[in-house]
Each structure stands twice: as C-alpha cells, then as structure tokens.
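Here's the structure, in structure tokens; my notes come after.
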Amino acid sequence: MWRVCVRRAQSAVPRAGLGDRWAVLKDGPVAPCGSSRAGPGAARFSSGTPSYGVRFLCGWSSGSDTAPRNRLLRQLLGSPGRRSYSLPPHQKVPLPSLSPTMQAGTIARWEKKEGEKINEGDLIAEVETDKATVGFESLEECYMAKILVAEGTRDIPIGSIICITVGKPEDIEAFKNYTLDSAAATTPQAAAPTPAPAPCAAPTAPSAKAPGSSYPPHMQVSAVGEQRLESWKLRLGVHLSERPCLKEIRETAQDSFEVQEEGYLAKILIPEGTRDVPLGAPLCIIVEKQEDIAAFADYRPMEVTSLKPQAPPPVPPPVAAAPPTAQPLAPTPSGLPAGPKGRVFVSPLAKKLAAERGIDLTQVKGTGPEGRIIKKDIDSFVPSKAAPAPAAAMAPPGPRVAPAPAAGVFTDVPISNIRRVIAQRLMQSKQTIPHYYLSIDVNMGEVLLVRKELNKMLEGKGKISVNDFIIKASALACLKVPEANSSWMDTVIRQNHVVDVSVAVSTPAGLITPIVFNAHIKGLETIASDVVSLASKAREGKLQPHEFQGGTFTISNLGMFGIKNFSAIINPPQACILAIGASEDKLIPADNEKGFDVASVMSVTLSCDHRVVDGAVGAQWLAEFKKYLEKPITMLL
C-alpha cells in the first residue's frame, strides 16, 4: 500500500521534489489509501521502524502531524520538517527490519554508489541480518546523494539513518560533506539543545535470556520517534482486534498509538512513564497465538552496539619519549602518507587484492574519491626499498616489543552475524542440554531397490534421494514415539502433534536448517521437491524467515563426504537430532550356500536431550526408524 501512496504522489506531481510529494500526500486531492491492509509493496520492503512492516504504516492519520504514522510517513518521504533548512529536499533512509528477530544489521554491500540514479525497484544495499543476507529495494525513483554508513559497518541498530537520497541530480552536490552530526547542528532545534536521551530500559538491568534462545513467531513493535510513553491501554494477554488503541505517547502532543492487525499482547518492554524513548526502541511484543504468550515471559531485546564503525586499535605510545628537539627517526618515503591517523579508506576489491599480495595498505596512496584506495592503486603500487629503514633506526633502548608478523602469515576473517548466532546457539546447547548418544546400523538394501524403481517412474520429473527416505522414516518414527518430537520449554515439555523436519544445509555464510513442514503426511516426491528448493534458496541466501525458524526434529547428513559416523549437537528447543553417516558394504550372515550376503549398511547416531527423552525412549525411536528403512513398504501403512 505504501507503494500505491508514493505512486499517487508521483502521478499528481511527477516533477516535484520529495517535500512537494509530501504536501500532496498530506493535503492534496489525491490522499493516501486509508486501508489497514497492505498492497503488493508490503512483501518487498519493511519500513525503517523495527519489525514494523509497510502494511502497518499505510494511510494518513486524521490526527495531528505528530501522530506516529504521519511522523514516520513524513520521515520516509523526506519532508522539509525532517531535514536541515540549509539543504535541498531530501530523504533520510533508515535501516529497515528485514527479519522478525532482527535487532541490528551489517551493511554487506552497497549496490548503489553516491551520485547514481536509483530507479523504482532497484536494489539499494545488501544487509546481513542475524539469519541471512537480504537486499532491500527502493520504492521510488531518486538519486543517491550520500552514504552515511560504510560497507562492513557492524551492529547498526534498526531505524538508524544509513544514507540520503534526493529527487533531483543537481541537489547531490549539497550533500558532499553531509554527516548526521552536521545535520543536527543546522536544524532549528539545535538552538535549544536538550540532554541526550538515555537508553530506554527497565528500572533494573535486564537479565537477558541465554544467547540463541528461540521464540515463537512474533512481531516487535518499536518507537517511531523520540517520545515519552504515558500509559499502556491494554494489558498482557489481551486480544488485540484490528486498530485498537495500544498505548499513549507524548511528544509535542499526546497521541494514541494503534496496531493494524489482530494478535495478543505478549510482552511490554517499556514501562509506563518512561521518558525520551528513542527512535527504534522496542516497545512491546505481539504474537498471533494465545498459547505463545508464556514463551515471552523472560524476553529481553538484544543489545546492539553503536552505529559508528569500529575504530582501529590505538597506536601504542613510543617506548621512550624523545626530546622536544629530536628529529624524526627516518624520512617517510616520498609520495607516501606518514601513517594512518584513522581508518584507511579502501574499496572492497582493492582490499582483497592487497590481502592476496601481502601489501600494507598504509603504504599505498589512494587516488580515488577523497583519497580512497582503489584497484588501480594496488596494481601500480611498488614497495619502497627504504621502508625497512625505520626498523633499523630504533629509538633509545627500552622494553623489547615482539615484532609484527610478516604480511600474509594469517588472515583475520570478520565474524558474520550468522556465524555469531551459530556460535551462540551451539554454545548454549552444549552448556545447557545434557546430551547422550545412541548409534545403530541400518541395512539400506531395500531402500536402494525401491529408490531405483521410483526414479525410473519419475524419469524427467526429478529424482528421489536416500536422504528423502530418511526424512520420511524419521517423521513416521516421531509419530510412533512422540517424546522424540518434543521441545523443552523450561516450565513444560511441549509434545508436537506435527513433524516439521529441519534439514541441515551448509552454505558459504554458515550452517542453516530449512524446514520440511508436515513431513509425516508428505510423499517422497513432494519431500524431494521441497528439499531441492529449500537447499537452493539457502545457498543463495534467499530463504524467508518462516522457512528456517522452528522445526521439531533435525537431520544432519555427512554421508556424502564419506563420514562413517558422528555425533551432532542438538538444535534447541528441539529434543533430538539425527546424524547420518555413509553407507558401507558389509558382510552379514545369510541362509544361502555361501552363508553370507553383502549389504549396504548405514550408521546413524541419535543425539537426545536427557531432560526430555530417556535412554529407553531414544532406543525405541531408533528401532522404529530402522524398521521403516529396512522395510520401506511399511511407510505405506
């Protein structure tokens, strides 16, 4: 619906700037749609408010200009009221929420550079969330005037301004030296400075839930401007009908804040009376199902670090202070900077080439915009022979310092958000879940024969793999032994009535577990199709959150690498994970002339949470699993 509103403004004043379009949206004859439901744009872009989709922002409120939705519409359209008066009309683009659990993101790559034209639907940047790398698109035609957050900047809070766009190319030059700090200094409000808003928090320091904890599907409602929260109109557990008054906030006037979808209020994160609630601060949690409320009793929003890029480590002070009249130890090579006084600006390609060639970027003079080092600088760089001289001309004797390692000895790989989440969840699992392991050998002879026949029948339509049989057998075994299809929920053990099998998939970004939903009622052909589609989307980083969040049982298969057996780590809050090894030909006793047969035997290991699944129960599950694979015809019963 947001796309519709913008298009209406553009059609009314096609050559107008963003500020003029704002006026049309607010007062003109073509008003925004007042529906509370989303149009096609909602699936393509989330607003700059954390976990607050476009569909929640559709329409112009009949209240004052400071009504929450109106204020955010004004911010996203770049109205004059939200810009510096000395600058042309422009739009401050905030970091959007790109996944239900996203609290902060990393700019993986800017797809548009400063000065470039951005067409409607163009990809602006790729953002690394806590789950995947996701791109977000522009909803209207504009120009990239200024990038405020450099590539690779980590832990950017949702709602933080990341770039500036303008409607006219001639306005780009005005933002050449634009920064968020300078913008604050030139706004009228700067004349009456106010104390910096304190972080919005409960009176006592929250004891955050263990890192990596998972929660049912939910929506995190966040502040759309600096506010004072006056009162909550609804209490925990109350059912929210469409567009109820949720809370009252105070800024220049007292307004009510509405939600646009049904649900249940599961958690209030900001108490009544809290002052200076900053933009993007999480206010409350809303869930779709009433039974999910209890899961958020100890929910705390994830803390994020400052928006500013991490500064390089400070240069250590000299070992011995030189006299005031002392001369430099050695002249700096001609044409080279004396040394970095801060961050070295370098393009991603140049940085990669420098690492491969062992080139010290501090010795390279950049010829790109504002001294940025580009590929041409790396290609033309010639190491100076005089460079080692400073090492020989040491300062007066002092404590010895270990020499720096030679270039190219190692590479520090930054930890991605996905890798950080994997580390947190696996650490939590090994430290808090009492694992035990059960192994068994399975004769795969019958499965291989059935698979061969089925693939002949499906020739040209796809193939069924051994892994598809394993998924189906696991799902049916979970129906027979439901304790293995359960979840530890701290206060209760949740026994699931459907089997959603998570399948571990290795991707360049890390491990992810897309889900085959309702595997117990799906046929082998459908399971095979689902697995191929999910694995492809996982490797391309195109999985949607609902496709990998949840699951009741997990399978990890390393048999294709020749691994005979291994023990997998449980994926909380699930109770079991099945590790699949490679199949091997083994001799087994047989009632024939030779007295033996050669069988393809596969070794599997079931990791169980002893809080949920006792040893005998785990053994029963493996017995059922083995029966289904050794007699695959029983899967039809």
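Using N, Cα and C of the backbone, Cβ positions are placed for all residues, glycine too.
The range from 103-136, 239-272, 307-340 that Swiss-Prot describes as region 'Disordered' is residues 307-340. Swiss-Prot tags one of the stretches 189-219, 375-405, 406-436 as region 'Disordered', and that stretch is 189-219. When Cα-Cα distances from Ser556 (CoA binding site) are compared across the modified residues Ser99, Lys456, Lys463, Lys537, the shortest belongs to Lys537.
Between the farthest pair of Cα atoms in the CoA binding residues (Arg451, Ser465, Ser556, Asn557, Gly581), the distance is 20 Å. Per-residue pLDDT, averaged over the domain 'Peripheral subunit-binding (PSBD)' (345-382), rounds to 82. The Cβ of Lys463 (N6-succinyllysine) has 13 neighbouring Cβ atoms from other residues within 10 Å, across all protein chains displayed. Of all the modified residues in the list Ser99, Lys456, Lys463, Lys537, the shortest Cα-Cα distance to Gly581 (CoA binding site) is found for Lys463. Nearest in space to Ser99 (phosphoserine), taking C-alpha to C-alpha distance over the recorded positions Arg451, Ser465, Lys537, Asn557, is Lys537.
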